[in-house]
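*Asks:* Sending over a structure as structure tokens; questions will come in a sec.
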Amino acid sequence: MDDQLMEQVDSEISAAPAENQGEMSMITQKSSRGYVPWNDEMDKVLLDTFVEYFNKGDRCQNGWKPHVYTAAVKNVREKCNVNITKSNIDSRSKTFDKHYHVISGLFSTSGFGWDWEKNKLEVDSDSVWDDYVERNKDAKGYRHKIVKFWDLLSVVYNKDQANGEAARTAAESSKEMAREIGTSKDPAGSTSTTTSSLKRQRSDDSFNSLWSEKLDMLTATLKDDAPKLPSSVEVLAALQEIEGLDEDTELELYDILTENARKFESMMALPVERRKRWLMKQLRK
């Protein structure tokens, strides 16, 4: 099924207007050699897609489920006007995973923080950096490296992070939480307390402990408030009440509603005569 969807995506790109094909010609040539130059817009679209499917539980121990790659290719192609393949998505995902592994490792050591405005590390001193890099060679190029969308990366690639509908909300809250904790840390007797240091995401043991505790509490609360997934029988019965759905459409909607409790809840809140129109809008998203 996923191979057929990938072929459909390819055919849609081939049918694009001539002027759009012209704009993609240089990138297409590079793609044929397996290389695609990524930019911030593409990264944001890809990470938003990953977060969406992460919330649905579609990231397993061995990586993403096949249909996630199909959705990612389609979204990046359509929204960024770039011709990419599953292998490009997979390669970029590995890069994101490396960023998370290296940076989170730094945060586990005292003396490192995160500058949310400049999207890069803050280091207390040269000696702190030199000592760490001596023991962790893979971090060598990260002192001044700009890594955008850290809030999304830290949700999707955190192996200990619970997935589900609470994940995105937790990600959106993490940046503000980091600022809150950073500004509350005003050590007495400091000789160089500055405005920037008060905004820093501190990474010493006390910071990690407090941030982790608050994030766990937030995630648990959101999970308790989230509606439970409907059973397959409930979804099928609800769809069969709606007139005019062909078999293929019914199956597509079945997949959507069995994976998304909020959408099922929203559909059931509508009068029966309005449900078909609402469901058609969900298919077009």
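In case you wondered, yes, glycine gets a Cβ from its N, Cα and C as well.
TrEMBL annotations: computationally assigned, not manually curated.
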*Asks:* In TrEMBL, one of 1-26, 53-78, 105-130, 209-234 is tagged region 'Disordered'. Which stretch would that be?
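*Replies:* That would be 1-26, per the region 'Disordered' entry in TrEMBL.
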*Asks:* Of the residues in the domain 'Myb/SANT-like' (38-132), how many are helix, strand and coil by DSSP?
*Replies:* 60 helix, 12 strand, 23 coil
